[in-house]
Amino acid sequence: MSVIELVYAREVLDSRGNPTVEVEVVLEDGAMGRAIVPSGASTGAFEAVELRDGDKGRYLGKGVETAVANVNEIIAPEIEGMDAFDQPAIDAIMIELDGTPNKGKLGANAILGVSMAVARAAADEIGLPLFQYLGGVNAKQLPVPMMNILNGGEHADNNVDVQEFMILPVGACCFKEGLRMGAEVFHSLKKVLGEKGLACGVGDEGGFAPNLGSNREALELIVEAITKAGYKPGEDVMLGLDVAATEMYNKETKKYVLAGEGKELTAAEMVALYEDWSNNFPIITIEDGLDEEDWDGWKLLTEKLGNKLQLVGDDLFVTNTERLEKGIENGVANSILVKVNQIGTITETLDAIEMAKRAGYTAVISHRSGETEDSTIADLAVAVNAGQIKTGAPSRTDRVAKYNQLLRIEEMVGEQARYCGLKSFYNLKK
């Protein structure tokens with residue numbers, strides 16, 4: 001039977017050593033699902049609320065015992081006895097129990113943990129891998145990995161302003177080869193940095209985090225690493241950026257502060273900077289190029305570069321259909337970053353992806369900087385045929401767990417597996 005018999009949450013640790021919520025859901029016949037909720041460092045103001053205890057005497061105020069109690073004492077009694085296959089109804093009940101627009105009462109970390117665990121338990125009940133349970137028979141496209149191999153901003157303790165410099169192995173024949181290419185470039189970059197006397201320590205997402213003279217230098221180093229690994233920049237491997245511009249935006253001066261370079265730029269100057277970079281480096285995607293509330297700047301960015309670059313809204317959209325709808329109506333961005341904990345349920349996540357695709361936007365499935373061994377997003381990427389996944393460098397087990405799951409999925413799908421490379425950027429006109 002697919003009836004939920006037990007829902008239980010506990011406090012565990014994420015990749016930064018901070019507490020997070022783990023939930024187990026057990027069905028009547030013993031089928032079980034377990035899920036762990038991730039956590040972000042650079043978070044959008046419009047994200048669903050991650051509930052923390054605030055007790056400075058315990059985990060420096062970052063404990064999640066309140067969220068755990070909300071699962072065990074409030075959510076569990078309401079959904080135990082429900083059918084695990086009725087994911088929309090279960091998610092709707094949790095949203096109703098919370099009663100706030102941002103899940104601020106029970107916590108998105110409490111609600112999401114249950115939502116993911118229910119999906120896993122339902123998949124286990126019928127003996128299907130999660131990607132097939134969520135996506136059906138047509139779930140067979142493996143995503144291009146967007147590998148963050150050089151970290152800056154909020155993800156590293158260095159002077160680099162741009163938060164993430166990514167490589168995308170678009171020239172690979174399959175995911176397995178794409179992962180190999182990315183790993184080889186990653187190791188090549190380590191060698192390049194070492195030869196130049198630069199630090200090879202890694203940031204939150206597994207990428208290197210050296211101090212550099214400029215953001216442009218980071219791009220130059222990665223291009224050098226791609227070449228030394230035996231690949232052609234712009235053909236085998238493309239570049240991507242997550243600027244996380246909200247973190248550098250001064251709301252009083254309405255300028256973007258590139259502290260590492262000692263510059264303050266207007267939105268128009270930021271757009272010109274991106275245009276210059278994209279003309280000189282094989283960049284195909286830029287995430288959060290402007291502040292989450294700079295709609296006029298985003299409009300300009302999209303008009304100038306939206307035909308040649310994937311412009312991804314993360315803080316801009318926060319996996320929220322209301323904000324995404326506003327972006328679609330105003331011709332802002334052309335892609336949405338999908339983070340399950342930004343919205344808080346599997347159902348709402350799938351709704352956001354569906355809305356994006358219907359509007360011709362791409363959807364990029366993403367991790368958070370505070371991750372765990374949970375690999376749900378790997379299955380989700382294939383379930384919705386997203387075509388792209390962003391889950392860090394091929395370094396640190398919390399990142400590699402997702403890549404290893406995708407290797408398994410590619411084997412399971414077998415000859416029907418597709419890896420679309422550049423075709424994953426289906427809305428670009430260049």
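Quick reminder: no glycine exception, Cβ is built from N, Cα and C everywhere.
Listed in Swiss-Prot for this protein:
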- Q163, K339, R368, S369, K390: (2R)-2-phosphoglycerate binding site (BINDING)
- E205: active site, proton donor (ACT_SITE)
- D242, E287, D314: Mg(2+) binding site (BINDING)
- K339: active site, proton acceptor (ACT_SITE)
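If you compare Cα positions, D242 (Mg(2+) binding site) sits closest to K390 out of the binding-site residues K339, S369, K390.
Under DSSP, K390 ((2R)-2-phosphoglycerate binding site) is assigned to a strand (E or B) in the three-state scheme. In terms of Cα spacing, the recorded positions E205, E287, D314 that come within 10 Å of R368 ((2R)-2-phosphoglycerate binding site) are E205.
Neighbours of S369 ((2R)-2-phosphoglycerate binding site) among the recorded positions E205, E287, D314, defined as a Cα within 10 Å of its Cα, are E205. For the recorded Mg(2+) site, residues D242, E287, D314 set the reference point as the centre of their Cβ atoms, and the other residues of that chain within 8 Å of it by Cβ are Q163, E164, L241, V243, A244, I286, D288, V312, D315, L337, S366, K390. When the binding-site residues Q163, D314, K339 are compared by Cα distance to E205 (active site, proton donor), the shortest distance belongs to Q163. DSSP classifies Q163 ((2R)-2-phosphoglycerate binding site) as coil under the three-state reduction. Pairwise Cα distances among Q163, K339, R368, S369, K390, the recorded (2R)-2-phosphoglycerate-binding residues, top out at 17 Å.
If you take the C-beta of K339 ((2R)-2-phosphoglycerate binding site) and look for same-chain residues 6 or more apart in sequence within under 8 angstroms, you find P38, G40, D314, V318, T319, S366, H367, R368. Taking the Cα atom of each, E287 (Mg(2+) binding site) and Q163 ((2R)-2-phosphoglycerate binding site) are about 10 angstrom apart. DSSP gives E205 (active site, proton donor) a coil state; it is part of no helix or strand.
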